[in-house]
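Trainee: Would you mind keeping the following structure in view while I ask a few things?
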Amino acid sequence: VKKANLQLKFLDIWDVDVLKRPQDINKQAHHTHLYSSDFLIVRRAQEFQIKITFDRPYKPAEDKFAVEFVIGPSPQYSKGTYIPVFPTEERQSVWRGRIVETSDNVITMGITTSPECIVGKYMIYVSVVTPYGIRRTRREPKSDIYILFNPWSPADPVFLDDEEEREECIMNELGIIYHGTYDDVSERAWNYGQFEFGVLDACLFIMDKADMPLSNRGDVIKVTRVASAMLNSRDDDGVLVGNWSGDYTYGVPPTSWTGSVEILLDYAGSRGTPVCYAQCWVYAAVFNTFLRCLGIPGRVVTNFFSAHDNDGNLKMDIILDENGKLDRNRTKDSIWNYHCWNECFMARSDLPPGFGGWQVVDATPQETSDGMFRCGPASVAAVKHGQICYPFDAPFVFAEVNSDVIFYRRQKDGTLEAVKVNQTHVGRMVLTKAVLHDGRRDITDHYKFPEGSPEERRVLEKAEEFGCQREKASVPQGDVEVEIPNLDVRVGDNFDVTLQFKNNSDQRRSADVYITGTVVYYTGVPSAEVLFKTPKVKLDPLQSKDEKVLVRGEDYMHKLVEQANIHFIATGKIKETGQIITAMKVISMHNPKLIVKVTGSPRVSEEMYVSVEFTNPFKFSLENVDLRMEGPGIMPFKRTSITWIETFSPRRAGSTKLIASLDCAALRQVYGETELTIQQ
């Protein structure tokens, strides 16, 4: 009888409710209501609530219970993979617990995780102390809890104290990625899709595939560094295979993608088979999805005229022969028309004060860092101030925005003489999307002081102290200038390239000029020459004069590579003075656009129609055309062939976009988009 009485007295657990519906308090308070997931998702260092139903009212003085959180295969308290949470003030662990409310047999418990806890998927148990030992609830997969980084909490190293920036860099699923050239910027819409079904699991799988120890997964510096290696497939079977060859037979052309979701779901669904193919903006866009999905503020930035220097100095060498003509065989360094990387926001407790905030991370495999293809996190503030001794990879980023372009003349005996130094060409402009609207934000001043300012000179001297080499030769200023102004050219059109000469001297000047036009990949790598002319120019004293050179559509059309860029270099030698004159210009051709139209009632779960139209403006037919379309919250990814009408039913209310791309071997990078607002 005594034993039976004891058995009745101890607490028994009837139900555990983790309050996981999107409208419940947890997902609303933790800004996780947009995740398409049936699980509870919360952010660390912020209280969430669970409801526990017992078989009788809870008596704090007599009853002892704990809520236990477990992550990984072999949980240990010392490793942060087993964490008990207690309801009383007298007994607390690294996570805090408190009773928020008691009602009959139901208690509401508030749980606050620590600001450095492991980010990932936890199992939850409730255990009760009984006279016969500890009783624990059974494993219930539906109650598993995802815990993410928290940029809303001042205690978390990713804290970003600006609500609009958080709204853009964590909550916005739509992005704009800039490409083209600095004086003719093009835009590419992108669906990051960080809240789409399966994306959070795919991001956690990336860390599993890297064999990243669970105990490191609360450290944002380690997480972003591992991700910068894992998003490319070089040396670790990461997410994306890079391909700059122009031949995409065995995969999707990089220009064809419109979002990250399909890429991440393919990678996770195949248990880690790398996805084909990517170039820099695809790496940056998918990395951005990873960052925002896990709660790390992230944005994609584009650096126009980005130096990819093969020998680690601050010099991009262009070699001319003794007459001033470009020597392509000896010119090895490449200047990318643009290069995209990511910035993520974090405190840097491993660096001196002042170097936290935005950090560069780059998943495009260019150079190895500590033996792997990865880059960052590198403090943007450290790059700006030339403090490039601080980890990780700051000298590489510094060179991307600060290298000088040096023109060398190769003498008959093989020696090189510096004849012109251009200190402003590289890192001409750094752009990212504006906060909460579709405009651009110029953030060049985050990376460098104004060109020619005393601060800039001091920064370059500081960088030299840390081993960056620059060209010291002083090149005398010549009295003749040449420039190539920008042009707005549609693919296939004939156009004139104008050389604008200016004679600043009071004497006559004459020159043999070489102008070459070469189709280039956006990485600056030449493909085929489409123009070579050698005009002779005569200038009267103080005269300005334009020399026009015709470029015909039929000469370049069949030689264009995917991003339709032609790089013009004009060089020459002034007969009277021996001065070398140079000018460079990348002309980025404009492709025809897709027209995207939406009809139907813009309401959640109502059927709507979208049509995509395209008119071929060329004299030849386009074959094997691939069309793609998607929109966050309204339409999952779809692909088809030309002339397309598709039905879709929006999943959730709010403002969003439909993004479409058209791709075929003869014409890459054709886009269209439309904005729409869905009512509840």
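Heads up, the Cβ atoms here are built off N, Cα and C, so glycines get one too.
Pulled from TrEMBL, these are the listed features:
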DOMAIN    272-365  domain 'Transglutaminase-like'
ACT_SITE  CYS280  active site
ACT_SITE  HIS339  active site
ACT_SITE  ASP362  active site
BINDING   ASN402, ASP404, GLU451, GLU456  Ca(2+) binding site
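In the displayed structure, how are the listed features positioned relative to their neighbours?
Mentor: Counting residues per DSSP class in helix, strand and coil order gives 15 helix, 41 strand, 38 coil for the domain 'Transglutaminase-like' (272-365).
Sequence-distant neighbours of CYS280 (active site) (same chain, 6+ apart, CB under 8 A from its CB) are TRP336, HIS339, CYS340, TRP341, THR364.
When other Cβ atoms within 10 Å of the Cβ of HIS339 (active site) are tallied across all protein chains shown, the result is 27.
Around the Cβ of ASP362 (active site), the number of neighbouring Cβ atoms within 10 Å comes to 31.
For GLU456 (Ca(2+) binding site), the Cβ neighbour count at a 10 Å cut-off comes to 17, with all displayed protein chains included.
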Trainee: Taking the Cβ of each of the binding-site residues and counting other Cβ atoms inside 10 Å, which one has the highest number: ASP404, GLU451?
Mentor: ASP404
Trainee: Rounded to an integer, what is the Cα-Cα distance in Å between ASN402 (Ca(2+) binding site) and ASP362 (active site)?
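Mentor: Rounded to a whole number, the Cα-Cα distance is 17 Å.
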Trainee: Could you please provide the mean pLDDT value for the domain 'Transglutaminase-like' (272-365)?
Mentor: 91
Trainee: At the Cα level, what's the spacing in Å between GLU456 (Ca(2+) binding site) and ASP362 (active site), rounded?
Mentor: 24
Trainee: For the Ca(2+) site given as ASN402, ASP404, GLU451, GLU456, which other residues of the same chain have their Cβ within 8 Å of the site's Cβ centre?
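Mentor: Everything else in range on the chain: GLN423, THR424, VAL426, GLY427, LYS448, LEU460.
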Trainee: Let me check the 10 A CB neighbour count of ASN402 (Ca(2+) binding site). How many other CB atoms are there?
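Mentor: Step by step: centre on the Cβ of ASN402 (Ca(2+) binding site), count other Cβ atoms within 10 Å, giving 24.
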